[in-house]
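Participant: So Swiss-Prot says this about it:
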ZN_FING   104-126  zinc finger
ZN_FING   160-182  zinc finger
ZN_FING   188-210  zinc finger
ZN_FING   244-266  zinc finger
ZN_FING   272-294  zinc finger
ZN_FING   300-322  zinc finger
ZN_FING   328-350  zinc finger
ZN_FING   440-462  zinc finger
ZN_FING   468-490  zinc finger
ZN_FING   496-518  zinc finger
ZN_FING   524-545  zinc finger
ZN_FING   551-573  zinc finger
Amino acid sequence: MEIQFSYESQDHHFLSDGETKIKIGEPATEEEMTGKIGTVTEESGSLEEDVPHDSRGKEFREFGEELNDQMLFRRRQYNCDECDQSFAWSTGLIRHQRTHWKPYECEECGKAFRMSSALVLHQRIHTGEKPYPCSWCIKSFSRSSDLIKHQRVHTGEKPYKCDECGKAFSQSSDLMIHQRIHTGEKPYQCSHCSKSFSQHSGMVKHLRIHTGEKPYMCNHCYKHFSQSSDLIKHQRIHTGEKPYKCDVCGKAFSQSSDRILHQRIHTGEKPYPCAQCNKSFSQNSDLIKHRRIHTGEKPYKCSECGKAFNQSSVLILHQRIHTGEKPYPCNQCTKSFSRLSDLINHQRIHTGEKPYPCSQCSKMFSRRSDLVKHYRIHTGEKPYECDKCGKTFSQSSNLILHQRIHTGEKPYPCNSCSKSFSRGSDLIKHQRVHTGEKPYTCNLCSKSFSQSSDLTKHQRVHSGEKPYHCSSCNKAFRQSSDLILHHRVHTGERPYACTQCPRSFSQKSDLIKHQRIHTGEKPYKCMCGKAFSQCSAFTLHQRIHTGEKPYPCAQCGKSFSQRSDLVNHQRVHADQKLQM
């Protein structure tokens, strides 16, 4: 018996004995199989129906063995020219060969594909064709698989469940990514550094840090972004879109992450606890910043002056001291600011808005930070401690200023003279000595002041307000500094000692005046050449030149240049009354 292969097409192979064919890869019909066995028995010299059962089985087995031999031989006929892999069928070889070449090319962009189906899907990018519409909403999709995934948004179906924690997902890819949380698997490694990622998209985004690639451009301002999600968020600045609304207070946000953080104000949730102390935070970024208080880490260094910071945002703000950049202008006046928060706070001067009320008293504040600071008056909390002397403070800024007493640091130099200051606010106040600027004007008498605190004190002259009361004698004062000085009358405290003699003073200004006796310094000089050690003496002397007599007598109208002269004069009227 001789069985041979014959071919009718590239993809269909037949076994043949010259008369009957059996198609390989498909079940043979009963007629074909009977005919094939019949042919074998005819060649052996007897008819099929006369062959005993055992003999027929033997013939069939022999036929099967020869078939297997022929098929093994046939498998060796489909070899890949590129890599020497062998295939049983030509279709397998054809599919394999497409791993070496891509025969289906897009006429629009030249991109090539291994499969015609992949080309069809790709061409829909150019044509915009989306033949799979959702029956629930107006969305359409270019692939049926995308439609199936989308429909789970409407049905809520989550057929892919995690065996570890029971969490369910609408897509198998999401489950696979989630499972890497449990396994710790990070199969996508950066070729530039040692970082690995659980998602391919995470690695692609990370690679743009190294390459600097920003493929997503805003068509309003031409700003570029490394991630499409960042572009979408940015575009909401132009459109004003705020699609994420708080269901408690109705406040809307341009980003879902901002809404999540906002909702924690209502819930009080602080899911990020510090392992070093008992503080918790509503944001992970706040916890990371807070930890640096414990570790002392300051990873952000200024390239201009070498100063280091524990937050990148603080470094950016600091660098604007060097550059002078003030990118936030006020649309109500000519002022500009280096920080957005400073602009927002400033604009409340124009609007009068005070959105932060104290729950303990009736006070309201234009800044949240001012409310937090104020609230510590009620609680007595002083969370910031000096590691040099143990003194505690209710505000971190006060601790920083205090620490400069120990370090002697004065980081704010005046560019008009040689003076330096430990506080930026002190430098600003000092610079007004050089510029003569007096930006704070009284709305009752139009008098102007270089400092807001001086205006506040002055306005109490008009209002008669004396908010600072002495606990010993109930005397009231307009200024807290006056109350402190007054307290020393009761306590006898004289904290300012002269280094040249044993005298002490209750006021620093009195010590400075006294020290001029020892040094001979007379800093107040008149145009006539005469000099004085005290400002008050200089003022009195100038009245000789100006003729000013600001102290009039209420009885006779006579005026005097000195108050003491008026007091002496008034005694004349008092004596006259006694004589009468």
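Placed from the backbone N, Cα and C atoms, the Cβ positions cover glycine too.
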Participant: When secondary structure is assigned with DSSP, how many helix, strand and coil residues does the zinc finger (496-518) contain?
Facilitator: 11 helix, 4 strand, 8 coil
Participant: Can you check how the pLDDT averages out over the zinc finger (551-573)?
Facilitator: 90
Participant: Mind checking which residues reach the zinc finger (524-545)? Cβ under 8 Å, same chain, six or more beyond either end.
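Facilitator: The answer is 513, 516-517, 561-562.
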